[in-house]
Each structure stands twice: as structure tokens, then as C-alpha cells.
């Protein structure tokens, strides 16, 4: 995994050095620039495959006609290499980067769909005077781009774009509405005006001064209703075994993030198959037991025989992580789990250079508690309005406020939010921090115009891409395209890269994704429990309490910390003066949220966290 940057148009070697220099933490092992005519590529290397100088980038093909700067890993590169060698290709290195180059020379644009892995790269075809920007199917690796005065500029992170003298920095007001709704700015927009995120499974072709966008992979749109359960189990076992085996390949130490949940324990199980030495696993915990999972991680590690590493972190350490993340995170993401993930990556990097994580399982196999809420939604809406409005809603409003992890009162209040919107928007309503009326009250008069678009317009656009799909498949698709792409994967990429740690996601292997999306819903959710097929697969391989555990998540007790350890920090970051200077939010509205939370009248931890993250980002990246 690495950092990449470059341009097609105006620029020089000094520009490239400045762009890649700000991304040096993504690749501290080596760096390089290549400049030829109007094209310039830069690369910061984190050496994982072929640690020798033969893996140096930017890299050129044997013919010298194709140049690449590449971030990520191609898991099927050995298979592709053998095929190319059979056809007479001669390789100078053992790297997967060289395989991409030679595959392109052999098959052109069709080569992109043959790559299995996580990747983002820029490729220049000198013979045909074309430049491609390419991103992996699920969007695990980031790629930002912009056109500035006729010059294409691209980079792994926005901050590098602004090192190019033609690229100016200006906040995209409409992106603020996206952030308040989705806890992140949804692809292809970014928080900066004119800066785009390349869509997953997409490549951009830049030729003759024009941009064209192409999609090279689409998820299945039909459920295989005839799939037998025994067949689903066997195929899932095969797919996961292959995926984890391929993703364990590296020329450096590899470990596993282990929370003690079903997903990470499953990855740890497959990672250990056929290995002589125990797999290194890593977890962190908290003193607040309602948020702590370290006990389960220890039990899973003991059962699997891993070499387990554990660290308990304090509120002060998490505060340090928050400040460190705010210094580097150039696009706001309002997921508190970014901080424990940061600390976990920091801890793991002391022992390994690559770690496997469990991202993707909840989206593919119905693991979120929102899927349970969906089971109740239709029944709730069938109740007479007098019962809903006159009995249930007042009872929920009267529930005492708790600051424990995913408490009953929090779930009840969030459930009612989903009941207020159309069914296709319910999952997002359950996830979001601010609904439409709350956003209208929060924004200052100067920014209320950003709410002119329908709040869930992007959901309608994505559903239009798969109009004939089963509704459960549509829901999974929305999670993959929005929450997973722009919150989870962005979070993991950024904080792991801040520590020069590569994190891989075996559940997001294309074969696993394709199989999971084709599975009938009854194999994912049964009774009141999600991930049924995964639990069946692992029931004789993991301890029963791990297999039967409900989704916990990587939460933080920020609601409590806002009232105690972080109280002064909250006051300072969201002070009336700072809110007024930014001019985006209404100071009275923000003050009301703080006062209600501190008094215990309401639990506004999610809203306050979103505002805190945004203003930390604004102070560092929005004003300089």
C-alpha cells in the first residue's frame, strides 16, 4: 500500500516532489517521481511484495510505452503472471505492479476487470497518448482528482492536490449537507469544490483534454433462489479460504485485527489454516465494560491458538488520537470508531506491516442491528396512528437517557426516526445524526440553501442503478455504495496509512461479494439473528459465545466523555466564537445541543460528535 500523485498538463518535478512529500506516511520505504513532457507521476512506497529496488515506482513496462504509479495489492497477480509468461512476457521483478503494466500492454482497458484486489492507480499509455485513473471494485483504496485550468491532477488524498500550484482550495457547500446526512461526503463528491472521488469499480480515461468515465464491474442484480443451504455453506467456505489465503501473501509479517466478534474471529480462523507458526492477532479495550470487547478477543485468540496482543486504552490516549487524526484527516468522517481503529493500527504496526480486518461482512450478510429494526418496521407502521402517536411515541420520549453502548432508549428513539420516512430510506434514517428538520434548525441562514436537494436523493440514484433487484439486495448495495465506501473504508485506509500499516479486507474479495449478494435472504437473516450462514459455517470452529454474539461495533463512550473528561474540550471546540467565525452553523442551536446533553436531558453524543469532527477538520483544513 502506498501513496500516489501526479498530473497531466502543467507541472514539473518540483511539483511532484511536493505532492508526494505530504503523503510520505503512506509509503516511508521509498519514493520516486517520473516526468515526461506533460505527464508527471509520483509515488511513496510501502514495500509489501518484492522488497527489492526492482519494485521501485513509478514503473515502466518492458517496452517503455506504459508507466504506472500504483497503490494497493493485486491478489491474483501470480496467476496473471504465469499466464503472461506463458505468452512470452519476461519480468524484471517479482512485484504485482509489473503484472498490471504487462497485462495492460496485452489487453488494454479490458485488463482492469481481470485484476482482483484493492487498488488505485494512474497509468499512462504513451503510444496512444492516454491516461487512466483506476479504482478497485469495492473502493478500498482512495483516489481523488480534479481538472485545474486544463490540467488533470490526482492523488491518494486531497491534501496532495493542493500542493499543485493550479489547484485552489474551496469548501463545497453542498458537501456539508451530505456530511450531516451520511456522516461523510458521498462519492463522487468531496468536501472541496471541484475535487472528485473516483467511484468504486470505475476508471477515468483522460485523452485529448476530455474526461470519460467507465464502469468495469457491476454487482449481481438477481438472487439465486434455487441455491441450497449446503451449497451456500460449501461455496462460502471455499471463497473465504481462498480469499484469506491470497491476502496472507506478503514478504513482510501479517497479522489480524481481532475484536472477538464473529467477523474478525472468522478471518483469524482462516488465517491460521495450514500455518506452522501462530498468527499474530491484535485488539484494544476500554475500562468501560459496555464498550469493551477485549474479553471476547482473548477467548477467540485462545481457542484459535493465535499469538495475541492486547492493549487497554484510556480517555486521554483517545484524546491524543483525536488530535493526531484531526491533524491529517483532510476530509471529515464522523465515525467515532476512527479513534480506536487509529490506536489499534498504531499498536499492530509495532509487530506487523500488514493486517487483515473484517470489513464488509455486516453489509453482505445482514449483520447490522438496522436489519433487525427492519423486521419490526412494517408491523409498527400497521398499528393505528393513535397507538403510534398517542402511546408509543410518548413512552419512548419519556425513557430515561442512558450513555451506555447502544442502549435501549437510544435504539428506541432511532427506530422511530426510521419510521418517519419511506421504507427505502429507513436504514439511512437509523444511521444518520441529523434528520431534515434538525439540519434546517442547525444551519445558519447563509447555509440553509444547501438543503434544497432532496435529503436522500443519492439513495434514489443508486437504487435506479439496480431497479430489478430484490429489496434486500438493494439494501446491501446501498450499504456497500455509501456507508461502507465513504465511512468504513475511508476510516480504515486513512488511520492505517497514518501508521504505514496495510489493512486488507478478505470479505470484500470479489468472489465472496458475488456469492453473498446472490444468496437468498433466508441464509443471511433468520429469526431475529443476522449473519445466519456465517454462524452456521463457524459453529464448530469457534467458541459458542463468539458464534452467537450480537453485533457490537467499535464504539467509544464519547457521550460520557463529553460530560466529564472531554467537557472543556467540547466547550472550546464548539464555542460560540468558533461557530460564529465559521458561519456554517447556528450558535444557539449548537449551544442547545450541548446544554441538553450535559444536563442529561438528552443523549446528543452522535450529533455533537459530528459537529466536533467537522469543526476540528475546519480549523485544520477548511481555513488554511
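For all residues, glycine too, the Cβ spot is worked out from N, Cα and C.
Noted in TrEMBL for the protein shown:
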type	residues	note
DOMAIN	2-209	domain 'Glutamine amidotransferase type-2'
ACT_SITE	2	active site, for GATase activity
BINDING	96	L-glutamine binding site
BINDING	284	ATP binding site
SITE	359	site 'Important for beta-aspartyl-AMP intermediate formation'
Note down the number of other Cβ atoms within 10 Å of the Cβ of the residue listed as 'ATP binding site', including every protein chain shown. 25
Overall pLDDT of the domain 'Glutamine amidotransferase type-2' (2-209), taken as the mean: 97
What are the non-local neighbours of residue 359 (site 'Important for beta-aspartyl-AMP intermediate formation'), defined as same-chain residues 6+ apart in sequence with CB under 8 A from its CB? 484, 488, 489, 492, 505, 507, 508
Long-range Cβ list for residue 2 (active site, for GATase activity), cut-off under 8 Å, min separation 6+ in sequence, same chain only, gives 26, 27, 43, 44, 45, 46, 57, 70, 71, 72, 156
Which residues of the same chain, at least 6 positions away in sequence, have a Cβ lying under 8 Å from the Cβ of residue 96 (L-glutamine binding site)? 49, 73, 74, 77, 117
Taking DSSP as the reference, which of helix, strand or coil describes the residue listed as 'L-glutamine binding site'? helix
Kindly assign residue 359 (site 'Important for beta-aspartyl-AMP intermediate formation') to one of the three DSSP-derived states: helix, strand or coil. coil
